[in-house]
Amino acid sequence: MAPKKAKRRAAAEGGSSSVFSMFDQTQIQEFKEAFTVIDQNRDGIIDKEDLRDTFAAMGRLNVKNEELDAMMKEASGPINFTVFLNMFGEKLKGADPEDVITGAFKVLDPEGKGTIKKKFLEELLTTQCDRFSQEEIKNMWAAFPPDVGGNVDYKNICYVITHGDAKDQE
C-alpha cells in the first residue's frame with residue numbers, strides 16, 4: 001500500500017464501531033453495498049473523485065467542486081465504511097422513514113420535479129446492488145406506471161414503501 005493511502009486509511013480508522021449496533025445485519029449489508037458503489041476506485045475510502053465519478057455514473061456530469069467539498073466536509077476525516085455508517089446513523093436518528101427514502105430519491109432528481117425518468121430508475125434497479133429481476137421491474141411498473149413523458153412519481157413510491165398503500169392522487 002502506498003504511504004499516502006496508508007496515512008488516509010489510518011486516519012479513517014477513527015470511526016466508532018458502536019454504530020454497528022444501531023442497524024441490523026441486513027441494513028449494514030445494504031449500507032456496505034451503497035458504500036461499494038460510491039467507492040469507485042475500490043480503495044476502501046470515499047474521496048472527492050469517488051463522489052464525482054458516482055455522480056457521472058448517474059448522468060450528472062457538471063457537479064461543482066464546491067458541492068463535492070461540502071459533501072466531504074460532512075465527515076471529520078477520510079470516509080471509510082465505519083465513518084460512512086456513522087454519518088448515516090447520525091442523519092437517520094429520529095428521521096421519518098418516508099423523509100429518508102424521499103431524500104434518497106431527491107439525489108436522483110437534481111431539478112426537484114418529484115419525478116425521475118423510468119429508463120434511468122430501471123437501469124439503476126437492474127444494474128446496482130440488490131438487482132431487480134425483469135419480473136420485479138414489470139410488477140413495479142404495473143404498480144407505479146410512468147406518465148406519458150416516461151417519468152415516475154417517486155413520492156408515491158416512497159409513500160407506499162412506508163405506509164403500504166397507494167396515496168390518493170390530489
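Every residue number used here counts from 1 along the chain in the order it is shown.
In case you wondered, yes, glycine gets a Cβ from its N, Cα and C as well.
According to Swiss-Prot, the feature Ca(2+) binding site maps to Asp39, Asn41, Asp43, Asp50, an assignment based on sequence analysis. Residues or ranges marked as domain 'EF-hand 2' in Swiss-Prot: 96-131. Taken from Swiss-Prot, the feature domain 'EF-hand 3' applies to 132-167, supported by sequence analysis. According to Swiss-Prot, the feature N,N,N-trimethylalanine maps to Ala2, an assignment based on similarity to another entry. According to Swiss-Prot, the phosphoserine annotation covers Ser16, Ser17, Ser76. What Swiss-Prot records for Thr26, Thr36, Thr102 is phosphothreonine, and it gives similarity to another entry as the kind of evidence.
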Report task. Check the Cα-Cα distances from Asp43 (Ca(2+) binding site) to the modified residues Thr26, Thr36, Ser76, Thr102 and tell me which is shortest. Result -> Thr36
Report summary line: Same-chain neighbours of the Ca(2+) site, Cβ within 8 Å of the mean position of the Cβ atoms of Asp39, Asn41, Asp43, Asp50 and not counting those residues, run in sequence order as Ile38, Gln40, Arg42, Gly44, Ile45, Ile46, Asp47, Glu49
Requested in this report: Select the most exposed residue of Asp39, Asp43, Asp50, where exposure means the fewest other Cβ atoms within 10 Å, treating these as the binding-site residues.
Outcome: Asp43
Query raised in the report: Quick one: mean pLDDT on the domain 'EF-hand 2' (96-131)?
Result: 84
**Report entry** Rounded distance in angstrom between the Cα atoms of Asp50 (Ca(2+) binding site) and Ser76 (phosphoserine)
**Finding:** 17
Query - Spatially closest candidate among Thr26, Ser76, Thr102, the listed modified residues, to Asn41 (Ca(2+) binding site) (Cα to Cα) - result: Ser76
Query - DSSP helix/strand/coil residue counts for the domain 'EF-hand 3' (132-167) - result: 20 helix, 3 strand, 13 coil
Query - Local Cβ density at Thr102 (phosphothreonine) - other Cβ atoms counted within 10 Å - result: 19
Report summary line: Thr36 (phosphothreonine), Cβ-centred 10 Å count of other Cβ atoms over all protein chains shown, is 14
Query raised in the report: Where Thr36 (phosphothreonine) and Thr26 (phosphothreonine) are concerned, what is their Cα separation in Å, rounded?
Result: 15
Report summary line: Students should find that the Cβ of Thr26 (phosphothreonine) has, within 10 Å, a number of other Cβ atoms equal to 8
Requested in this report: Going by Cα-Cα distance, pick out whichever of the recorded positions Thr26, Asp39, Thr102 is nearest to Ser76 (phosphoserine).
Outcome: Asp39
